[in-house]
Structure formats: C-alpha cells, structure tokens
Amino acid sequence: MASRLLRGVGALAAQALRRTARGAAVTRSMASGGGVPTDEEQATGLEREIMIAAQKGLDPYNMLPPKAASGTKEDPNLVPSISNKRIVGCICEEDNCTVIWFWLHKGESQRCPNCGTHYKLVPHQMAH
C-alpha cells in the first residue's frame, strides 16, 4: 500500500514540476534543442585535438598502425622514433604466431633477421 502511495505522489510531483505558469506541461525533446550533438560538437580537450588532426590526415600520437611499405631495401618500412634506436617486432608471415624482436638503429635500413624485411628508423617529433 505504501509503495503505491509513494509512486503516485512521485508522479504527481513530477507533473507539477513540469507545469508552467500558464498550466501547460513543458515537454522537452531532442528535436527542440537541435538533436543529439555530433562527436565533433561534443568532444573537448585531447579527444578534440585528435579528431581535428585525424580530419587533416595526421596522427600526432601514433594511434594508428604504421603504413606498411614493400619492405625492400629501396622502400623500407618507416618506423618513427624520438630516440636513436627503437625495438621493433616483426611477425614475418601472416599466419605466424611468434614475433621476432630486434633493435633498429638510426641510419641505414636494417633487415629482420628471420624474413629479411627492411625497416628504417625516422625521426619523430612529439605533438606537445
């Protein structure tokens, strides 16, 4: 009995709060305010910065996978780094379940010790 009473009182209170001075109930809809904001309108801070960069075709925080090249000596896979060396993992074959890790140093392109794919270290500046 008490739960029915409280539920009814809550509904009446909600209706009273929605009424304006003229007595008409105020309704709020997504269409009246312009609809649901898009991701671009709602994003702030770092998320907004990343979205703007993505629209320009940039990847300031290296979130996307690197673009694979042919891996030959003339066209090596470019590996961005802020230092003079970086550790690189090569899967070698598409269905391989192990990763071959090796150090890549600044300068000439270097080969994966297992499959022979070439990688080259390129300087990268941080976005800050």
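In case you wondered, yes, glycine gets a Cβ from its N, Cα and C as well.
According to Swiss-Prot, the feature Zn(2+) binding site maps to CYS90, CYS92, CYS112, CYS115. Counting Cβ atoms from all protein chains shown, CYS115 (Zn(2+) binding site) has 13 others lying within 10 Å of its own Cβ.
Counting every protein chain shown, 8 other Cβ atoms lie within 10 Å of the Cβ of LYS67 (N6-acetyllysine). The N6-acetyllysine annotation in Swiss-Prot covers LYS67 (among others) and is backed by a large-scale study or a structure entry.
As annotated by Swiss-Prot, N6-acetyllysine applies to LYS85 (among others), with the evidence given as a large-scale study or a structure entry. DSSP gives LYS85 (N6-acetyllysine) a strand state.
DSSP assigns LYS120 (N6-acetyllysine) to a strand. Around LYS120 (N6-acetyllysine), taking its Cβ as the centre, 17 other Cβ atoms fall within 10 Å, counting all chains. Here Swiss-Prot flags LYS120 (among others) as N6-acetyllysine.
As annotated by Swiss-Prot, transit peptide applies to 1-30, with the evidence given as similarity to another entry.
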I want the residues beyond CYS90, CYS92, CYS112, CYS115 whose C-beta is within 8 angstroms of the mean position of the Zn(2+) site's C-beta atoms, in chain order.
ILE91, GLU93, ILE100, PRO113, ASN114, GLY116, THR117
LYS85 (N6-acetyllysine): which of the recorded positions LYS67, CYS92, CYS115, LYS120 is the nearest Cα neighbour?
LYS120
Around the Cβ of CYS90 (Zn(2+) binding site), the count of other Cβ atoms that are within 10 Å:
20
